[in-house]
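Note sheet for the following structure.
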Amino acid sequence: MVRQARILAQATSDLVNAIKADAEGETDLENSRKLLSAAKILADATAKMVEAAKGAAAHPDSEEQQQRLREAAEGLRMATNAAAQNAIKKKLVHKLEHAAKQAAASATQTIAAAQHAASSNKNPAAQQQLVQSCKVVAEQIPMLVQGVRGSQSQPDSPSAQLALIAASQNFLQPGGKMVAAAKATVPTITDQASAMQLSQCAKNLAAALAELRTAAQKAQEACGPLEIDSALGLVQSLERDLQEAKAAARDGKLKPLPGETMEKCAQDLGNSTKAVSSAIAHLLGEVAQGNENYTGIAAREVAQALRSLSQAARGVAATTPDPQAQSAMLECASDVMDKANNLIEEARKAVAKPGDPESQQRLAQVAKAVSQALSRCVNCLPGQRDVDAAIRMVGESSKRLLADSFPPSTKSFQEAQSQLNQAAAGLNQSANELVQASRGTPQDLAKSSGKFGQDFNEFLQAGVEMASQSPSKEDQAQVVSNLKSISMSSSKLLLAAKALSADPAAPNLKNQLAAAARAVTDSINQLITMCTQQAPGQKECDNALRELETVKELLENPTQTVNDMSYFNCLDSVMENSKVLGESMAGISQNAKNSKLPEFGDSISAASKALCGLTEAAAQAAYLVGVSDPNSQAGQQGLVDPTQFARANQAIQMACQNLVDPACTQSQVLSAATIVAKHTSALCNTCRLASSRTANPVAKRQFVQSAKEVANSTANLVKTIKALDGEFNEENRERCRAATAPLIEAVDNLTAFASNPEFATVPAQISPEGRRAMEPIVSSAKTMLESSAGLIQTARSLAVNPKDPPQWSVLAGHSRTVSDSIKKLITNMRDKAPGQRECDEAIEVLNRCMREVDQASLAAISQQLAPREDISQEALHNQMITAVQEISNLIEPVASAARAEASQLGHKVSQMAQYFEPLIMAAVGAASKTPNHQQQMNLLDQTKTLAESALQMLYTAKEAGGNPKQAAHTQEALEEAVQMMKEAVEDLTTTLNEAASAAGVVGGMVDSITQAINQLDEGPMGEPEGTFVDYQTTMVKTAKAIAVTVQEMVTKSTTNPDELGILANQLTNDYGQLAQEAKPAALTAENEEIGSHIKRRVQELGHGCAALVTKAGALQCSPSDAYTKKELIESARKVSEKVSHVLAALQAGNRGTQACITAASAVSGIIADLDTTIMFATAGTLNRENSETFADHREGILKTAKALVEDTKVLVQNATASQEKLAQAAQSSVSTITRLAEVVKLGAASLGSEDPETQVVLINAVKDVAKALGDLIGATKAAAGKAGDDPAVYQLKNSAKVMVTNVTSLLKTVKAVEDEATKGTRALEATIEHIRQELAVFSSLVPPAKVSTPEDFIRMTKGITMATAKAVAAGNSCRQEDVIATANLSRRAIADMLRACKEAAYHPEVSSDVRQRALRFGKECADGYLELLEHVLVILQKPTHELKQQLAGYSKRVASSVTELIQAAEAMKGTEWVDPEDPTVIAENELLGAAAAIEAAAKKLEQLKPRAKPKVPQLPPAQGVCGNGVSIWVLSRDHAPCLCPISRELTGAQAPGCLDFTALCVLGV
């Protein structure tokens, strides 16, 4: 650190001189003054940093001095940025330009590669997703290129620079999605060249995006303060553009741009209006907080949304033939720009004075003006004006209902009733036509809304006529109330139609429209029921027919969800309603026949209700069937549901109106308060979830802030309501009225922000195949409705005239048709259950894949697996890794769909099955190119295991079917299948990574690192389970492991480059773990800025790790390349530097807890050092220096121990204090324990090596103190920032008590160490206390850090037997030397036994019953041994013969416990374990070894080929003996080299007669 400070000081000195030189050469005095001022600030900051560096050099162990140096360096960095701001900014912008160019080029190449690969892609769902992501990116590329050109053409323009930054940031998310979609598509592309091209392009784009993200972040930091000015400039330029468009429109020269249509521009206008409203809400929230940086970002968002609005408004005007409409649209858009300009100006003023209520009030007024201007702009859309006219007509007509009395009617009651029925039918028909027209053209909407207004006017006239017929005031008031209800529902219908017309793609608007239409029908029915006097049952029939006419609309085009029911809920609903309908139809027939007309009316109403339920369920089921088709594009759930916010907003506003109503009673006040509390609580929970799920940091921040504002204003309102409830007077009511305003404002802002299209749900796109699958359900439901309508009409006439036989046969026919259509509907719904057909197809695919693997395995066993020549091993490995990753990503989605999402099941299983074919092909190819037979079989077996586990999961998923009721029975099987599949994926991935790392193939590792980097920016993730301290601890540990691995890579680059791949794999895994922890750590950090800093530092480290892994792969391929080696060392240095940056960011998050982590690590080192000292002391080599005595050190030990007690108190007190104080306390305690350990070691050495046992006692005492301090620091870290009643604080208090006990024990030991009469007793007391503490740790539920085998456990029990014998002997002899030796031996034996027992018990293969048994016997053994030691202690204090006689009983109890322990250990081994020292086992192993040797020899004999027969000279018979000798010699010469190895194989050693045999042959000659 100090060395770097020196380098930094030199560099800043050079910079100061350069700035001074520029100032001297500057002609402008103002610029010269600015430069000199910057140079002075920089020189002062350098001087401070040099001073801090000197302090750190003088006190290298002082954490405080190091912190000062860090702060001084940070100050210097800020001063440098300020001094060289322009130069730095230009450099950063230039880098961003370069990165943007690269990203645009890479994206264009990727899109081209995706288009080229489309024809050979076998996975339509993945291809569709890729095409969709390519479209989004293609829309962003021109904006990015435009940003680059603007920045290059105007290098000094802040507006151009900020436009480039904004375009770059907007490009990142769609670019990342396209990379993911491309990678998901690669395995299913059959053309190898296309697949490789797309894969490479995706990698290049991912690298370009990483560079773009870094460059944009740095440029944003440099150019951030200019955001508001840039936003203002952009809005003013947009206003000028609109003025030009108005001039062109006046001259008749305004033409639409290519691709602009009225429908598209109208939709864009609706979306951009929502975006502007959302951005304004965000801007108001940031201004209220006074954060200038985030206010600038919000202002930029407003300006960008206004740009889209301006383009859409111009497009609408250009595609409108009416000049008046053109002018109105452009005028309204200009007004929006003008008001928005005022808003941003006011925001700039208000952010400088965040607490000023006057500024906030002005800002709110200007924001309201913008909202009103936006509404006027939307109202200028074609069709919208006509709907507004209809709404005004309804409002004007409804004013007649406010009259106190009505003029007397001139018509008879029958005429008024007939007119009302006729008008009701007309209005109901107009409502249905309006629903259809809202999805058509603006002209259709204009026509239908005008007709609706006229029909409503006629209906209201008829209603008023009927009201004047009412004989009493009460009846008249009831009729008027019903008419008002119809007026309100009609207005809501028109508003819903208007909203759907403006934004046809908006989710749930169609449902809202249908609900509004049903509400109109219901209101009409209520009025008709009350007002008409017909024969009983007739009104019910008319009402039912109107209801059926309304719900029929649901079946016309069921491309949107109708309700929240799942498929199987729909089926249950159909079954239930069909039973009700059956009973109602029987009741209709029976009651009509018997003229029971009231009961007939009830049956008609029940049938109508059941038919509506059946229709809704059928429409929802049809939609789910269409969506579930694999060729359809499933909808994507939005971040929030805007309709939920709108409903809550409406309910809160109505409740607040009731609160301030003077006529509101006390009970109504409490009811309204309950409604407000319910809805605001729901809104706050939704905001919290949305904040945790979004990856957008700005949106995350705004959701949290909005929730706070709603919660605070609700709390204030509840206080005033309580006061009003306590004392119901006008003053309290006024306070309550004042408190509702902030709540309504906060909820309005939140609703506006939530309406941002970015958060909206993406509707499903149903394919033609999906529509065909829907058709049977839809047609059955339509037939049912038509026949039901006919049945009700027929029943209506039969109720009046039951003696009409032809009508009865018609009724029977309709009844039969309804029954048949319902049966057909139920059959079709059962047959079309989503996902079943796809599950069968996927199972067939997997079975086929497994057969292919089996054939390849058989070929590999028989050595007949022909190597695949058309592709490299690396490409095959990459294909396998990609396919396995995609399969892994689909495990949880398939399981979720199988549990309760039937509509998603078909999509997910089809996608999963698509990846198995390329996986199997690549696995067989990779196995064919693997020379090692064992590796071949492992690869094929693991691939088959993955396919088998997937097959099992598919069978279970098919059985569960997405039906929650069925899934409850299959839950356990499904969980087991998921776990098996995850394990199979993990095993295969590990094998592939190991193979890749051994071969130096690092592409997959780099992809994994890149994926981990990207996941840091992605949402969603749930609520973090741990605290920041937990994640900080893990991250520090992982970061240090990365640093160690990097250092090893540098070493191996020179000594053994072949191991670099393995180390690179380790680095990849460690970084993945670090990135995984960084996300929750950022969420739980003290503030958002620290969290963002941690994520950024981890991402930078990821880029460094990716570069290092790439260099490692290159060096492994060419170990002698000196240049690559140099690059690797440089990359390693950068990674080490970035690791330190990550650690610094974590430390900034919680300096105190970071100091605790460092302190705990230091204490661990002290304990390890003390263990080493104990080894030396036990060996008798811990010698004293010179002629010193223990008395020379006693005082120092006592003083240091007392200082440690004081430090401990401070540490405990500061656990819940500030991080700064906690850090100081942790550092102080470590410093003191270090001194204490040193002085105790010197004291132990002064006792002399002739008394090793006493030395060990003394060192053990300080070791106990160090262990207690380590536990205390850990407890302090866990309790940091917690409340006083938290369990962590209770644990801290317990740790503090143990610490005090151990320090007291150390002091007693120090005082007794030279007292020959008591030092043994004191050692025994210390050992008893130590064993108790070890027992407490053993009994805790915390699992051990590692596990061990039962054999290790059994070995540890032997020490207890020896220690027991020693203890009995010491009790009998009562000699202090024996007691000290017993104490030391007992401490070690019991601690080792307890540790080994717990580690063995927690082995994953040990069952829970055996674990509990082992832990129980371990505790009993330790307790028994404690009783033995305590009895020895009693004997030492009062030795009697009777007490010594009892020692045997205690020792027997310990021996019995040890026996039970060993039996528990045997049970851990299981039935398959054998004793390796058993003679039978040894003999069996020998025989097996011999058999293996014989088998190997036999194989070698099979491979021997006879040599060519040697030509032996034909000798005459007389030379028989010599001839035979020559023959033997020749044979021995030719075959001895073959016979000797065979002999060795058969006998296990060199055949002793081999050389002798050859020699004898020679001698025979």
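Including glycine, each Cβ sits where the backbone N, Cα and C put it.
A TrEMBL annotation is a machine prediction, not a hand-curated record.
According to TrEMBL, the protein carries these features:
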{"type": "COILED", "residues": "202-255", "note": "coiled coil"}
{"type": "DOMAIN", "residues": "1-88", "note": "domain 'Talin-1/2 VBS2'"}
{"type": "DOMAIN", "residues": "95-219", "note": "domain 'Talin R4'"}
{"type": "DOMAIN", "residues": "223-384", "note": "domain 'Talin IBS2B'"}
{"type": "DOMAIN", "residues": "390-532", "note": "domain 'Talin 1-like rod-segment'"}
{"type": "DOMAIN", "residues": "640-757", "note": "domain 'Talin IBS2B'"}
{"type": "DOMAIN", "residues": "835-1000", "note": "domain 'Talin 1-like rod-segment'"}
{"type": "DOMAIN", "residues": "1027-1151", "note": "domain 'Vinculin-binding site-containing'"}
{"type": "DOMAIN", "residues": "1153-1317", "note": "domain 'Talin 1-like rod-segment'"}
{"type": "DOMAIN", "residues": "1320-1467", "note": "domain 'Talin IBS2B'"}
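Under DSSP, residues within the domain 'Talin 1-like rod-segment' (390-532) fall into helix, strand and coil as 119 helix, 0 strand, 24 coil. Across the domain 'Talin R4' (95-219), DSSP helix (H, G, I), strand (E, B) and coil residues number 115 helix, 2 strand, 8 coil. For the domain 'Talin R4' (95-219), the partner stretch with the most Cβ pairs below 8 Å, chosen from 390-532, 640-757, 1027-1151, 1153-1317, 1320-1467, is 1027-1151. For the domain 'Talin R4' (95-219), the model gives a mean pLDDT of 86. With Cβ pairs under 8 Å as the measure, the domain 'Talin IBS2B' (640-757) is packed most heavily against 223-384, out of 223-384, 835-1000, 1153-1317, 1320-1467.
Sorting each residue of the domain 'Talin IBS2B' (640-757) by its DSSP state yields 103 helix, 0 strand, 15 coil. Note: the domain 'Talin IBS2B' (1320-1467) comprises 126 helix, 0 strand, 22 coil (DSSP; helix = H, G, I, strand = E, B). Taking H, G and I as helix, E and B as strand and the rest as coil, DSSP gives the domain 'Vinculin-binding site-containing' (1027-1151) the counts 114 helix, 0 strand, 11 coil.
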